[in-house]
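Q: The following block contains the structure, expressed as structure tokens.
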Amino acid sequence: MKKIWLALAGLVLAFSASAAQYEDGKQYTTLEKPVAGAPQVLEFFSFFCPHCYQFEEVLHISDNVKKKLPEGVKMTKYHVNFMGGDLGKDLTQAWAVAMALGVEDKVTVPLFEGVQKTQTIRSASDIRDVFINAGIKGEEYDAAWNSFVVKSLVAQQEKAAADVQLRGVPAMFVNGKYQLNPQGMDTSNMDVFVQQYADTVKYLSEEK
């Protein structure tokens, strides 16, 4: 009996120590108004955002978060249209096309690089070329671009940003209740930061 009690006490202490690593107002903040029906893990970004580029291509935040997520928990990425003017809106629609066709992984890097690195993306036609170079047929892209599904996905992205009162990117939300706060994490070492970021998402995804 004593051994069982000690084992249970050990589990409680381990849980307490784990929970103590994460503090509301430090690594994350709780939304004043939770969003019902929000994706389990939702990241907002813009191809015009330098920090988003760093998160994706240098730190690989998305990949590390996905690796840590509990089984059955899905991560969703939405593009915002409040950066880049009309081209930013075109990129939001193009991202909706990517989601509809399931080719997000194929176009993320070339879109980021075309906007920020080579600056070869300056029009909707340039965006279309990225998809074609990634192996998507032009007619397939055009059909998706003009489809009801894509229009719905554009509206969905815009509504999601409004629901959480999004003020900037990159930003990640969990269960429609919590927003990650990178400023409250250890940035002295990038590997440690990435690990802490991913671990915090995992912790919050398991919170009810």
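Glycine is no exception: its Cβ is also placed from the backbone N, Cα and C atoms.
What Swiss-Prot shows for this protein is this:
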- C49-C52: disulfide bond (DISULFID)
- 20-150: domain 'Thioredoxin' (DOMAIN)
- 1-19: signal peptide (SIGNAL)
Q: Give the residue counts of the domain 'Thioredoxin' (20-150) per reduced DSSP state, in the order helix, strand, coil.
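A: So the counts come to 70 helix, 14 strand, 47 coil.
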Q: Long-range neighbours only, meaning 6 or more apart in sequence with Cβ under 8 Å: which ones does C49 (disulfide bond) have?
A: M83, V169, P170
Q: In this predicted model, what is the average pLDDT of the domain 'Thioredoxin' (20-150)?
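A: Mean pLDDT for the domain 'Thioredoxin' (20-150): 97.
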Q: Using a 10 Å cut-off, grab the number of neighbouring Cβ atoms around the Cβ of C52 (disulfide bond), all chains included.
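A: For C52 (disulfide bond), the 10 Å Cβ neighbour count is 23.
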